[in-house]
Amino acid sequence: MALVRERRQLNLRLPLPPISDRRFSTSSSSATTTTVAGCNGISACDLEKLNVLGCGNGGIVYKVRHKTTSEIYALKTVNGDMDPIFTRQLMREMEILRRTDSPYVVKCHGIFEKPVVGEVSILMEYMDGGTLESLRGGVTEQKLAGFAKQILKGLSYLHALKIVHRDIKPANLLLNSKNEVKIADFGVSKILVRSLDSCNSYVGTCAYMSPERFDSESSGGSSDIYAGDIWSFGLMMLELLVGHFPLLPPGQRPDWATLMCAVCFGEPPRAPEGCSEEFRSFVECCLRKDSSKRWTAPQLLAHPFLREDL
């Protein structure tokens, strides 16, 4: 088994800290800021930092306000002295955000760079509801169907652009007060140049990796390149409903060996008996171990579980 023969370091993500009310003073910087990409004439000097929304992976996400329009945004700032891996992830995320324009993908309003200090900032729409991570166990099937439809439309859009997300999980799905859900965090995503490109590398969050991404040789290296996103999506849907990570008993903390065995050798998790037949079937279509039999995003959008939510 590929992953057993060559154990890779897991890409673990730290949870974002609680939203802070700490205010920032607005001081001018001696380093010149260059607008790499933007819209609506927004520049970095137009923005006032309000508080920290979160930090991790070498960067800080601020809640900011436009000084003239009072519009609220999220500003992700990364310093130039970060690890080269994070630098590549940032470049990849910037490239994908430049290419995408969908109501189901977080919108980029501008990219600013301070060449002298090597600082890069990405201005994105502000999602005031946080992430889906906070909703685990408190989501009804009806509400889950509404979320699923939006996420699948986002995945269908990305896959049509030959973009594989590779880290679909509750923490990377943003929510606003209108119950709109948008896909975010493209640091480990991949743009496929050729149809035969492989994307089964060990990146992202291992808990949500599909069987073929743990062991690419199990499918002879010919697995559906987009199917890993669907597996992650299916696990996430089940997790939001039952309130805990579905591959392990409630309260058990996952480790590499346990996860690998559960994903590669265990049976896929199923929805509880009390769930509707439509939802149970929906989850089963997402969590088929054979990636060639796993449903695609467009196919899942036509599933009876979502047709009930018109």
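Placed from the backbone N, Cα and C atoms, the Cβ positions cover glycine too.
These figures come from a predicted structure and were not determined experimentally.
The following features are taken from Swiss-Prot:
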ACT_SITE  Asp167  active site, proton acceptor
BINDING   Leu53, Gly54, Cys55, Gly56, Asn57, Gly58, Gly59, Ile60, Val61, Lys76  ATP binding site
DOMAIN    47-306  domain 'Protein kinase'
MOD_RES   Ser195  phosphoserine
MOD_RES   Ser201  phosphoserine
MOD_RES   Thr205  phosphothreonine
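Cα of Cys55 (ATP binding site) to Cα of the residue listed as 'active site, proton acceptor': a span of 18 Å. Residue pair Gly59 (ATP binding site) / the residue listed as 'phosphothreonine' shows a Cα separation of 18 Å. With the fewest other C-beta atoms within 10 Å around its C-beta, Cys55 stands out among the binding-site residues Leu53, Cys55. Sorted by the number of other CB atoms within 10 A, the recorded positions Asp167, Thr205 start with Thr205, the lowest.
Of all Cβ atoms in the protein chains displayed, 21 besides its own lie within 10 Å of the Cβ of Gly59 (ATP binding site). Here the domain 'Protein kinase' (47-306) has a mean pLDDT of 90 out of 100. Close to Asp167 (active site, proton acceptor), meaning Cα to Cα within 10 A, are the following recorded positions out of Leu53, Val61, Thr205: Thr205. According to its DSSP assignment, Val61 (ATP binding site) is in a strand. Val61 (ATP binding site) is surrounded by 19 other CB atoms, counting those within 10 A of its CB over all protein chains shown.
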